[in-house]
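Asks: So that we are looking at the same thing, I have put the structure below in structure tokens.
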Amino acid sequence: MGHKVVVFDISVVRALWETRVKKHKAWQKKEAERLEKSALEKIKEEWDFVAQCRRKGVPQAEYCKNGFVDTSTRLLEKIERNSVSRQSARVKDRDKRRSPFVFELSGTQWKELPDSLKEQTHLKEWYIHSTLIQIIPTYIELFQAMKILDLPKNQITCLPAEIGRLKNLKELNVSFNHLKSIPPELGDCEHLERLDCSGNLDLMDLPFELSNLKQVTFVDISANKFSSVPICVLRMCRLQWLDISSNNLSDLPQDIDRLEELQGFLLYKNKLTYLPQAMLNLKKLTLLVVSGDHLVEVPTALCDASTPLKFVSLVDNPIDKTGCQDTEDTVESERDRQHFDKEFMKAYIEDLKEREAVPSYTTKVSFSLQL
């Protein structure tokens, strides 16, 4: 007798299997809906989101709305994306800085520049950050090929007048130092394109001589003590980006429309009560960020949805600082907070640029909760 062969009806087996698959998928869908409606699942999601925000250093005010956690916010994702982008940029910068024309220095072990630097006058770029260096030596004038001076987050208290002899200088970044003034000789650097003096906290004015800087397209003097827009800034005819947020401005000059090329204007965290009609003459302005706490008069056309202008009004309720002492720790804490604010706003502005339908008027409400 040969082998016994059992023949199945394949169509019956397939129908049985497909029925079971459909039942399993229906059960999965029903279970997913149950979990979605479950308060415990929502609480777990919010708790995980809050924990992640805290690890990233995002303040509570940015992900809470009216006392509720907003897990749909894209800010955390944006900050993470920016962090990855910055890391990638740093790798590229590091490769670039291996050039014999680039000098790089960082770390709190450095209290002054190395003596050997004086002999390397061929250098074109300095990248010095997060050190305890307080003084930039006068021999900097020997570096006639210098194009970039990137000196953020040090302890620099003053810049030498000799900096004005760097005729090829294009970028100067002295943000988050301890500067109280800028030398008028900087106005002799006629090829300067970018100037960043943000986060020095006590800087109150820029010298009139900087009016000579006709190539400047970017100025950041945020987080200082400016009570008005410096006259020299109004004479920078090619200026495209001006950040004067977190200062003591109570009004804007009536001739603000002299900045015909201005595209981005950041004014938030000041004491402005109105915006002048001259703002309407800034035809190239595409981004305007103000604090709406004190504003009582805004030209209607600025909020017109038909214009390309993104008008952002931030309504902020800062933590009460009553009783805070002006100690060194308090100053450093303020410096760190201002630095985080700038990073947050960069992420927010980049997010605005990526939206397909950008609101013409945006309000951010933040609050503090004391337990």
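Every residue, even glycine, has its Cβ placed from backbone N, Cα and C.
Feature list, courtesy of Swiss-Prot:
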| type | residues | note |
| --- | --- | --- |
| REPEAT | 122-143 | repeat 'LRR 1' |
| REPEAT | 145-166 | repeat 'LRR 2' |
| REPEAT | 168-189 | repeat 'LRR 3' |
| REPEAT | 191-214 | repeat 'LRR 4' |
| REPEAT | 215-235 | repeat 'LRR 5' |
| REPEAT | 238-260 | repeat 'LRR 6' |
| REPEAT | 261-282 | repeat 'LRR 7' |
| REPEAT | 284-305 | repeat 'LRR 8' |
| REPEAT | 308-329 | repeat 'LRR 9' |
Asks: Based on DSSP, tally up the residues of the repeat 'LRR 2' (145-166) by helix, strand and coil.
Replies: 5 helix, 4 strand, 13 coil
Asks: From the DSSP assignment alone, can you count helix, strand and coil residues within the repeat 'LRR 8' (284-305)?
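Replies: Helix, strand and coil residues of the repeat 'LRR 8' (284-305) number 4 helix, 6 strand, 12 coil.
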Asks: Under DSSP, the repeat 'LRR 3' (168-189) has how many residues in helix, strand and coil?
Replies: 5 helix, 3 strand, 14 coil
Asks: Take the repeat 'LRR 6' (238-260) and find every residue of the same chain, 6 or more past its ends, with a Cβ under 8 Å from one of its Cβ atoms.
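Replies: Result: 198, 214-229, 266-276, 278-279, 281-284, 289, 338, 341, 345.
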